[in-house]
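Below is one structure; the comments refer to it alone.
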Amino acid sequence: WEFNGSFYQPSAFLMMGIPGLEALHPWISIPFCALYLSAVLGNCVILFIVRRTPSLHEPMYYFLCMLALTDLGLALCTLPTTLGLFWFGVRRIGFDACLTQMYFIHILSFIESSVLLAMAFDRFMAISHPLRHPAILTRSTVLKIGLAIVLRGMLSLLPIPFLLKRLTYCGRTELSHSFCFHPDIMNLACADIKVNVFYGMIILLSTVGTDFIFIVLSYILILRTVVSLTTREECLKALNTCVSHICAVLVFFIPMIGLSMIHRFGKNVPPLVNTLVAYTYLIIPPALNPVIYSIKSTHIREALLRALCRKRG
């Protein structure tokens, strides 16, 4: 591209795999296939089990279904471009297709953050106010919370594609990943990106940042309640219901915060580190969450075993 002061947009971007290991992409695709398969099958199994088991029709498992749907969406958003690159060397992605993928990746990430907050609130109500829990978190209330979460993600991120389309791009068209990410696209522009940076930071802090703060506050209040319980068995039982959720929060937020910091402040971070953190953020949580909940939730495990026995019978 030659820049002469006019407005230019590339027809496509070029995606990157794992830098320095391009010759090994077919072999590297094997663990990626396993992770994607785990994400798709695991989350589908969670949805199937909760739908077919009336005893699981409770707020905790409704929120778990929201988490499974979000994880499924995240996996399916990045699967075509990642495996297309690793298997067939398809690096090119159209400009509008890239913005569309980026929009859905960010929406689903924000939705997952909000769902984790809703699950923290559910755990707080179940442990600290068990008698009021069924009356407050009714089925209709859970549905309204889910709708509010989706609308919040969609509306807060709606300006992002338009803010990127107004920019002039020239020279570099290579992305840092095998998927489209807002800071990654933004940094390819040769125009003033202060508005994009400012809006991105404000939205990130007011949504994901706020969610994380309230999740921490929820667990502080939960710990206060648990400490006041009379017996050790009651304490352990209460905390055990939170272990799966705590694992899901850590698996999601740690890579997300790391990737955001790298894109904004890590100019000297090796490309390989940037790539690994990005894949950890988008692929590991969807693959691990079903495993975490299947192992830790006795009700999910028993329902799964009943379903398997029924099929064998």
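Glycine too: its Cβ is placed from the backbone N, Cα and C atoms.
Curation does not apply to TrEMBL; its annotations are automatic.
Features of the protein shown, as given by TrEMBL:
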DOMAIN    42-293  domain 'G-protein coupled receptors family 1 profile'
TRANSMEM  24-49  transmembrane segment
TRANSMEM  61-90  transmembrane segment
TRANSMEM  102-121  transmembrane segment
TRANSMEM  142-164  transmembrane segment
TRANSMEM  197-222  transmembrane segment
TRANSMEM  243-264  transmembrane segment
TRANSMEM  276-295  transmembrane segment
Leading stretch by Cβ pairs under 8 Å, where the reference is the transmembrane segment (197-222) and the options are 24-49, 61-90, 102-121, 243-264: 102-121
Cβ-Cβ under 8 Å with the transmembrane segment (102-121): same-chain residues at least 6 beyond its ends: 60, 63-64, 66-67, 70-71, 73-74, 77-78, 145-146, 149-150, 152-154, 156-157, 160-161, 164, 179-182, 185, 207-208, 211-212, 214-215, 218-219, 245, 248-249, 252-253, 256, 282, 285
Average pLDDT across the domain 'G-protein coupled receptors family 1 profile' (42-293), rounded to a whole number: 91
